[in-house]
Amino acid sequence: MTAVRAGWILTQRNLAHWARQPWTPIFGLMFSIMLLLVFGFLFGGAISVPGGGDYITFLLPGMLALSMMFGVESTATAMAGDARKGITDRFRSLPIGSASVALGRVGADLANSAVELLVLIGGGLLIGWQITSDPASAALAVLLLLFFRFSMLWIGIFVGLAFRGEGATMAVQVLVWPIGFLSTAIVSAETMPGWLGAIAAWNPLSATATAARELFGNPTGITEGPLADSAVWLAIGWPLLLTAVFLPLSARAYRRLRSG
Amino acid sequence: MNLEAEGLQKRYGDVRALDGFDLAVPPGVIHGLLGPNGAGKTTAVKALATLIDVDAGSARVAGFDVRDQAAEVRRRIGLIGQNAAVDEILGGRQNLVMFGRLYGLSKVDARAKADHLLDMFGLTEAAERAVSTYSGGMRRRLDIAAGFILTPAVLFLDEPTTGLDPRARNEVWAAVREVAEAGTTVLLTTQYLDEADQLAARISVMNHGRIVADDTPAALKRQIGGDRVTVTLAADTSLDSTAERLTAAVGIPAGPDADTHSLTFEVGAGVTALAGIVRALDDLGLVPEDLVLRRPTLDEVFLTLTAAPQEAAR
């Protein structure tokens with residue numbers, strides 16, 4: 001059987017999990033909404049946007065990008081869980097292409113993330129966020145966000161396969177926080193100390209967040225530097241690079257199950 | 001032969017998990033692979049099921065080479081590993097339909113097959129429930145059903161009853177017999193002599209990565225002797241002198257074990273010999289701490305089987 005067909009069957013399997021246990025994706029969603037509310041209303045009053053603009057309008061595209069990055073946790077956890085429970089071995093003993101298991105994960109997680117984006121965008125519009133650009137640009141913003149999620153998927157698959165222990169997924173869960181905050185997702189890099197701002201500006205998450213702001217017609221909080229000039233290109237380039245690194249690593253980790 | 005392995009070698013660091021593993025199993029039988037923890041049983045199964053590459057040696061399953069024709073092999077095998085590798089969140093029917101479709105059945109065929117297998121393995125009533133609510137025996141049976149979707153030429157069962165209560169074990173045994181009756185070759189690994197004896201037409205005994213004996217259960221049992229009677233003596237009774245006196249009185253050598261302060265007799269038919277031992281104890285005026293009639297332990301089986309060729313060579 002082709003890996004694509006088997007991948008689709010495994011996508012359905014992963015989606016069926018959410019139908020059986022809807023609280024898992026619902027809690028994930030509630031968590032994103034909670035973060036949005038905490039930063040939008042609790043901290044938001046104290047945060048100013050360089051170059052001007054309303055903080056909620058600045059924040060929302062950043063939250064969208066941040067929730068795409070947090071998806072790496074659920075990907076890694078699900079991959080490691082299947083490997084630990086012997087289900088991955090069962091799949092490996094079947095006459096299906098070796099890419100199937102990863103494709104099933106990719107399909108289900110992208111579907112989940114697309115729903116998450118829709119809900120957060122709807123929620124954002126309710127609390128005063130506005131899209132001031134044209135529909136084509138807004139659609140491109142959504143695509144770039146999903147592309148970023150796609151690159152995160154391969155990091156998650158690699159971590160889940162290569163380090164099957166629970167410790168690895170715990171490490172991912174902890175690490176996403178500093179990496180998520182050390183970016184322009186929540187505050188502009190230009191309000192940070194110089195060296196910290198420079199690191200934040202080079203965070204792939206910042207590229208996607210800034211590109212989404214531009215494309216939705218929202219304030220970017222960036223007035224100079226590569227991020228101000230070519231955020232959209234960076235939001236294409238970074239995920240491409242991450243995928244180019246972690247997709248082969250994931251494939252290698254999957255093959256290495258054979259030596260174990 | 002439906003399963004053939006020659007000189008399989010697999011090392012993990014310093015450990016030789018497989019060290020010249022040979023196997024030949026004809027079609028349509030249940031073959032037992034008996035060995036203690038760490039003997040290499042699971043590694044052997046994983047190598048035969050194309051899950052791991054071996055360092056040396058060759059193996060053919062259902063007529064195909066496991067290294068060069070892995071895809072062909074996978075179309076003809078079912079693998080049931082040590083953990084019941086079914087999806088716990090999904091229901092029983094959902095699991096079987098998913099595996100059916102992964103084996104290439106259409107949706108309609110996969111559903112029909114799932115219903116048939118649920119019925120065959122007695123799971124119809126629990127079909128819609130999440131597998132996480134299943135008992136250990138039910139989970140195992142679902143696991144075996146999932147490995148049985150294409151009626152495989154070879155089914156690998158890796159310690160299918162470890163950790164199950166006796167009732168669940170009987171259910172699994174019935175399922176395994178059902179599978180074999182359908183014409184599938186079954187390679188069953190187990191730590192229990194009893195289980196191999198119950199199910200297998202032939203048993204390979206494995207230790208330290210290789211086969212140390214290969215025979216029918218009846219012949220193996222003859223080789224390892226009958227039941228054992230162990231008499232634990234009171235602390236103030238001398239082990240050696242009692243051993244001599246009991247050996248003379250019973251007519252069967254009593255093997256002393258200083259650690260447990262006990263004597264063990266290898267008896268043919270346990271119950272009649274037991275009466276003789278009790279009478280002899282009585283005649284000698286000895287009151288033992290404990291007296292047990294039991295099957296040989298796996299340790300004793302290995303001692304007997306690995307010692308026999310050496311003694312013969314002397």
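Even glycines carry a Cβ here, placed using N, Cα and C.
Just so you know, TrEMBL annotations never went through curation; they're auto-generated.
Annotation source TrEMBL lists domain 'ABC transmembrane type-2' at A:23-257.
Sequence-distant contacts of the transmembrane segment (A:26-49) (same chain, six or more residues past either end, CB-CB distance under 8 Å): 55-56, 58-60, 63, 66-67, 70, 74, 112, 116, 119-120, 123-124, 127, 186-188, 191, 219, 221. Positions annotated as transmembrane segment by TrEMBL: A:26-49 (among others).
Annotated transmembrane segment per TrEMBL: A:55-72 (among others), in sequence order.
Residues or ranges marked as transmembrane segment in TrEMBL: A:114-132 (among others).
Under the heading transmembrane segment, TrEMBL lists A:138-163 (among others). Long-range Cβ contacts of the transmembrane segment (A:138-163) within its own chain (Cβ-Cβ under 8 Å, at least 6 residues beyond either end) map to 61, 64-65, 68-69, 71-83, 88, 102, 105-106, 109-110, 113-114, 117, 121, 131, 169, 172, 204-205, 208, 211-212, 215-216, 232, 235-236, 238-240, 242-243, 246-247, 249-250, 253-254, 256-257.
The feature transmembrane segment is assigned by TrEMBL to A:175-196 (among others).
Taken from TrEMBL, the feature transmembrane segment covers A:231-251 (among others).
With a threshold of 8 Å between CB atoms, the same-chain residues lying at least 6 positions outside the transmembrane segment (A:175-196) that come near it are 39, 47-50, 58-59, 62-63, 65-66, 69-70, 72-73, 203, 205-206, 209-210, 221-223, 227. Outside the transmembrane segment (A:55-72), and at least 6 residues removed from its termini, the chain residues within Cβ reach (under 8 Å) are 31-32, 35-36, 39-40, 44-45, 47-49, 109, 112-113, 116-117, 120-121, 124, 127-130, 141, 145-146, 148-149, 152-153, 155-156, 159, 172, 176, 179-180, 183-186, 188, 205, 208-209, 212-213, 216, 218-221.
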